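Asker: Shown below is the structure under consideration.
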Amino acid sequence: MAGGVGMDGGSGKIYPGKLTLFVLLTSIVAATGGLIFGYDIGISGGVTSMDSFLLKFFRGVYKQRRDSANLYCQFDSQLLTTFTSSLYIAGLIATFFASGITRVYGRKISMVIGGFSFLIGSALNGGALNIEMLIVGRIMLGVGVGFANQAVPVYLSEMAPARLRGGLNIGFQMFTTIGILAANLINYGTDKIRGGWGWRVSLALAAVPAGMMTIGAFGLPDTPNSLIERGHMDKGRAMLERIRGTGDVDAEYHDMVEANEISKTVKHPFRNILQRRYRPQLVMAIAIPLFQQFTGINAIMFYAPVLFKTIGFGNDASLMSAVITGVVNVVATAVSIVTVDRYGRRFLFIEGGIQMAISQVVMAILLGVKLGTSGEGEMSKAAFAWSWGPLGWLVPSEIFPLEIRSAAQSITVSMNLLFTFVIAQAFLAMLCHFKFAIFLFFALWVLIMTLFVYFFPPETKHVPIEEMTTVWSQHWFWTRFVPAPNPADHKDSHHINTTGTGIASNII
């Protein structure tokens with residue numbers, strides 16, 4: 001095949017090209033979509049711990065917190081958790097609409113729609129006069145999150161060179177953690193505003209990350225994969241040459257066109273993903289977001305100030321503890337960006353899982369013995385932020401073939417938002433009833449997911465996105481579902497050692 005394609009020490013093809021400034025800048029702009037997701041995660045827990053917000057919308061919770069002797073149950077309210085979790089049901093529904101739009105009109109249009117929806121939601125929340133207006137605002141925020149989370153991870157995976165895809169894709173998670181940290185800092189400041197309207201500032205400032213993403217998305221180019229998928233072959237090749245910084249793109253372009261020809265045979269992506277040959281991708285699209293949420297980390301991040309208040313911190317101390325958590329999150333995500341393309345996805349999944357399981361058990365012991373007043377419950381945040389946090393978005397976005405990519409990403413996002421809703425809605429009630437054992441519950445799930453990663457997901461570092469089918473056909477378990485590619489159709493392919501078991505795989 002023309003164009004010259006190298007080999008990467010048994011890990012995957014190396015196409016000619018480099019990381020261009022153009023790709024770096026567009027990836028940064030696209031990754032700002034993570035800001036809206038992170039800002040919401042951080043802001044909701046902060047405002048629900050503010051007395052002025054509770055007095056305005058949740059007087060029953062305010063009275064319950066003031067009068068209850070049971071610290072574990074002070075914030076136990078289904079109405080309060082509905083404020084947080086309603087966003088995720090809206091996002092779940094929105095992502096299925098985003099799938100079709102992303103496939104037919106391109107990735108960037110979904111980012112624009114997501115940004116506009118988030119702008120509307122922030123205005124409604126900042127000016128909310130009653131609980132109904134507050135919930136409608138949260139629903140609009142959810143639509144924004146659904147569209148952004150559908151488009152951004154796929155956009156980043158398609159633009160990035162294979163050998164650097166992990167680090168660039170984790171930019172989405174980096175901006176998510178920056179959004180969480182920014183929200184925590186803003187909550188700490190607005191809580192000190194006299195007059196009891198600081199929560200309005202916190203909620204309305206969601207317009208800032210939404211505006212950044214919306215304006216940035218207008219200036220983004222579409223990915224070569226999307227252009228080719230929509231029939232713009234010449235534009236797709238020109239964009240590929242531009243993002244790779246070379247005209248020597250024959251091999252990569254050929255693989256994209258070949259993937260597009262296969263995708264044209266698929267008329268109903270959601271129906272096709274149920275076929276046997278897509279079984280591994282379907283399992284990962286459901287299992288990875290399920291496990292990511294059942295680490296318990298997002299529930300803890302949602303309700304961090306509430307949780308710190310529960311275990312005895314004052315208002316300032318609880319909000320500042322959430323800020324410290326946010327800083328740890330950002331630093332640990334930076335570690336993941338640096339290491340994910342060197343050590344691989346499986347290594348970080350497994351190492352982070354082991355560390356989180358140990359930390360959850362220790363937190364349960366500390367909370368049970370001392371009710372957590374020592375503040376020791378910070379230990380598992382870093383492990384999540386360099387493993388299940390970023391990889392929960394990276395791995396699904398890079399494993400789907402083009403013909404089912406939009407549909408499969410919708411399933412991933414919808415499952416993530418569904419399980420986020422379940423955990424967000426149930427967490428405060430679980431804290432009330434499980435008490436310190438809630439962390440043992442999450443620790444058990446972390447052990448299960450770590451074993452799952454050990455045996456089933458193959459290593460995908462450095463593997464070109466349109467060649468990903470090969471890793472499944474060579475995996476010890478999934479090979480029974482995915483037939484090996486025809487050697488005649490893949491003359492430049494080579495063996496990719498991604499068997500996925502601890503005995504036979506090359507993790508690092």
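Counting starts with 1 at the first residue shown.
Cβ atoms here come from the backbone N, Cα and C positions, even for glycine.
Bear in mind that the values here come from a model prediction, so they are computed numbers and not experimental data.
Pulled these from TrEMBL:
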type     : residues : note
TRANSMEM : 21-39    : transmembrane segment
DOMAIN   : 26-461   : domain 'Major facilitator superfamily (MFS) profile'
TRANSMEM : 79-97    : transmembrane segment
TRANSMEM : 109-129  : transmembrane segment
TRANSMEM : 135-156  : transmembrane segment
TRANSMEM : 168-186  : transmembrane segment
TRANSMEM : 198-220  : transmembrane segment
TRANSMEM : 282-306  : transmembrane segment
TRANSMEM : 318-340  : transmembrane segment
TRANSMEM : 347-369  : transmembrane segment
TRANSMEM : 407-429  : transmembrane segment
TRANSMEM : 436-456  : transmembrane segment
Asker: Please tell me whether the transmembrane segment (168-186) and the transmembrane segment (347-369) touch - that is, whether there are at least 3 C-beta pairs under 8 Å between them, with each pair 6 or more apart in sequence.
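Answerer: Result for the transmembrane segment (168-186) with the transmembrane segment (347-369) is no.
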Asker: Would you kindly list the residues that approach the transmembrane segment (79-97) from elsewhere in its chain, counting only those six or more residues past its ends and only Cβ-Cβ distances under 8 Å?
Answerer: 40, 44-45, 48, 57-58, 60-61, 117, 131, 134-135, 138-143, 145-147, 149-150, 302-303, 410, 413-414, 417-418, 420-421, 424-429
Asker: Is it the case that the transmembrane segment (407-429) and the transmembrane segment (109-129) have 3 or more CB pairs under 8 Å, with pairs at least 6 apart in sequence?
Answerer: no
Asker: Return yes if the transmembrane segment (21-39) and the transmembrane segment (347-369) have at least 3 CB pairs under 8 Å (sequence gap of 6 or more), otherwise no.
Answerer: no
Asker: On the 0 to 100 scale, where does the mean pLDDT of the domain 'Major facilitator superfamily (MFS) profile' (26-461) fall?
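Answerer: Per the prediction, mean pLDDT sits at 83 for the domain 'Major facilitator superfamily (MFS) profile' (26-461).
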Asker: Could you give the residue numbers and ranges of same-chain residues that sit at least 6 residues beyond the transmembrane segment (135-156) on either side and whose C-beta is under 8 angstroms from one of its C-beta atoms?
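Answerer: Same-chain contacts beyond the flanks: 27, 30-31, 33-34, 36-37, 40, 82-84, 86-95, 97-99, 101-102, 107-108, 110-111, 113-125, 128, 165, 168-169, 171-172, 203, 206, 210, 213, 220, 223, 393-394, 396-397, 405-406, 409-410, 413-414, 416-417.
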